[in-house]
Amino acid sequence: MQRAEARPRQHPEGAAPGGGGGGGGDRPAAVAGAMDPTGLLEPSLYTVKAIFILDNDGQRLLAKYYDDTFPSTKEQKTFEKSVFNKTHKTDSEIAFLEGLTIVYKSSIDVFFYVVGSSQENELMLVAVLTCLFDSLNHMLRKNVEKRSLLDNLDGAFLVVDEIVDGGVILESDPQQVIQKVNFRTVSEPAAYGFVLFDYIAGNSEQRESVPAKGGK
């Protein structure tokens, strides 16, 4: 009778049938906690730690950080410089630095980076990178270079926000991203300006004459 009363304390759901008594009842639970992959590799919606775009000198053009891995702007720029120094002369598309996984690609004089944890699925990060590049490529009419990007920086931030929000991937289809950004630009022109919509709608020649507070 005493043995039957003691069994619940041994957490039988984590122990093998016929397990020993005494301290042996604690071991299965401890081992399960240490070896259970869900303790370390549990899937998370918070896939992306940062997205940034640098010029060919390693200077920041655009950056969005989604956690406190690099809490200050100084730390972020130091990290970006380290990433640039490690990647700008290589042909690879993935790098590992400071315990993080970084996927990247370049176009003319700009470099695109997506950062995740060391345990993150690389294919997910590549999907974000590809969507980002293709969306900007469409927005900038296949002229993805520093000058055109700076001319449309507000639109570039909108593109990033449509792809990732708070580290969570929202969209990986460039066409969907452009449609959503287009809708936001039309519905909230005062908030987001006119340059991006001009590019999408094919009216870039009119952008100089539209007031900054423009409606349509």
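Here the Cβ of each residue, glycine as well, is placed from N, Cα and C on the backbone.
All annotation found in TrEMBL is predicted automatically rather than curated by experts.
Fair warning: this is a prediction, and the values are worked out from it, not measured in the lab.
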Listed range which TrEMBL flags as region 'Disordered', given the options 1-33, 166-198: 1-33
The domain 'AP complex mu/sigma subunit' (47-184) [mean pLDDT, rounded to integer]: 95
